[in-house]
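Visitor: Okay, so TrEMBL annotates it like this:
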TRANSMEM  34-54  transmembrane segment
TRANSMEM  74-102  transmembrane segment
TRANSMEM  122-155  transmembrane segment
TRANSMEM  176-201  transmembrane segment
TRANSMEM  221-245  transmembrane segment
TRANSMEM  257-279  transmembrane segment
TRANSMEM  299-328  transmembrane segment
DOMAIN    336-448  domain 'FAD-binding FR-type'
TRANSMEM  572-593  transmembrane segment
TRANSMEM  605-630  transmembrane segment
């Protein structure tokens, strides 16, 4: 091995072409990006400060002055509150679009290895055991801010309510009044939390892309916020129930539907839907019956609509910004998922894992550490399941692969369907067809695995799937001279049984980059935990069941209508939806609400939600239609013909058919043992020295906790010449 090539960072390879040319970002672009960042940061801090300080008396007085100054506009108090509470996050989304358009493709070759390794808040694990799982320092700060906000708001509102109590009231009247006003304030605090609840589940939104948080990470924040929001709303409802029970008018109040003021019955319906979603999302229920969790979670539509009926339009605007961004994303996903995607090939590996190869267009953009949501209509019309992409975007122009471990009923049915087709030794017949639809891919905006010099990949079982894509991506970058900083890679893989080693057959490192060993120091350690020695069948050929589909007509690939796709088109879609919403509300106020003196709170709340949806469908849908036509034109221009697709299929099949991969040759396999992460990190520390070392873990929560605990321990007691380890997780747990 060439020692100099290993110890010098691989900034770019020896190939030819534009990838090796160092391009400088123009000063005007850098300046524009900094201005946009500062503007978005100022807006976000102001937005957070407004909600955090809203319970304070001086903010209440400023708020009243704002309402008086803007109440005479066409949009009235609804427009004033929408501009104040939802306007900032929508404006940040627009500025994020501008930032992403200006940034274009991130130039990784401008990233230089850090001479001074340092800790980072978002990759330093602080909490590793507990209800939140592995929590970084940055995430802990966010959790504490929400906790402090809730405690401060409850305290401020309680003191304010007590100061309003009159001595002329009886104890019973004081108690009921106190409970009702405090219940109202808990509902207001819940509305502020609701403003954030839907932002993490807008899978392809420009906000997640701008801050580079992939959807599988953002779902954790949605879960945390969901628990907090429902806790606040539940307390909000219980306080009213207790007060009305004391007064003896519980049934009358619950069934009341006022025109002016808060309508109680819609609130009861909304809270009931929220409680069903909350209870079925708890880990014991979700793991025992995922389908129950999935189906009841669709009640979010009932929850949102009846919440708007409950509080009316102007109170609903406090949380409308995040909900509107979610609706924008949801409609785009609906348009993307309607397309039927061809399955190029399907294979059942000896360990029972299923490999699907799906058709995709050449211009679909994604990173190696990405997820797709897959629906198979023969199994269920409603269920969508997330899977890691197991192929690099550089593996082929017209295909994308996923590895699916058989764990539940849905995956068992999928495997049975594939085995049934393989036994017929025929392509899909009309009676045994697999009809797939895909959402995504979703992942990091920037391939961060290429930005470390030193990388440790820790996998458990099927968790090796995304790392196969990472390895393939790195090897393609080395071969083609693309930007890549990596020089040391350590793979630690724990499996239960040796038949899972067949997953290694899905990558052939020698065929991708024959000379990679001269440029990368790659080490692998595999632990077979439930076998004390190699099985007798080791070395013998194991049968797999597979079949391929070679359509005679033009193949249909995945749609590029996804947030991580074309920034300009997705930006136009978002902006047109927002502009359409303002126009819809303006026309509604001018020609209907104001002339006819519509004053019912619940009715105006319903009209507000209808405008949100119709603006996305009509105005945003027009852009989506043009986007779809543009996509078809690009595909026609690229001549997406069957012969090219078949070449791509043949190349893929030739690659994955080889069982004797170079990765298997490099592997050190230990039977009857589990990874000793303390020993592993100590060895790495001695060999790598004082560097930044990225650690990516994909596996069960126990594996993530073990690795995070060791990283935290090492970083606390590390010597000055040892690496600083940066924890990153890659797993999807709904």
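A Cβ is built for glycine as well, from the same backbone N, Cα and C atoms used for every other residue.
Caution: TrEMBL annotation is automatic and unverified by curators.
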Visitor: I need to check the long-range neighbours of the transmembrane segment (605-630): which residues 6 or more away from its ends have a CB within less than 8 Å of a CB in the stretch?
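Guide: For the transmembrane segment (605-630), the list is 78, 304-305, 308-313, 316-317, 320, 323-324, 327-328, 331-332, 335, 559, 561, 566, 569, 572-574, 576-581, 583-585, 588, 593, 598.
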Visitor: Is it the case that the transmembrane segment (221-245) and the transmembrane segment (122-155) touch, counting contact as three or more CB pairs under 8 Å in which the residues of each pair are 6 or more positions apart?
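Guide: When sequence-distant Cβ pairs are counted, the transmembrane segment (122-155) touches the transmembrane segment (221-245), since at least 3 lie under 8 Å.
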Visitor: With Cβ distances under 8 Å as the criterion, find the stretch in 74-102, 122-155, 176-201, 257-279 that has the most pairs with the transmembrane segment (572-593).
Guide: 74-102
Visitor: Are there residues at least six beyond either end of the transmembrane segment (257-279) with Cβ under 8 Å to its Cβ atoms? List them, or say none.
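Guide: Same-chain contacts beyond the flanks: 226-227, 230, 233-234, 237, 285, 296-297, 299-300, 302-307, 309-312, 599-603.
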Visitor: Hey, which of 34-54, 122-155, 176-201 has the most Cβ-Cβ pairs under 8 Å against the transmembrane segment (74-102)?
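Guide: So the stretch in question is 34-54.
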Visitor: Per-residue pLDDT averaged over the domain 'FAD-binding FR-type' (336-448) comes to what?
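Guide: A mean pLDDT of 80 is what the predicted model shows over the domain 'FAD-binding FR-type' (336-448).
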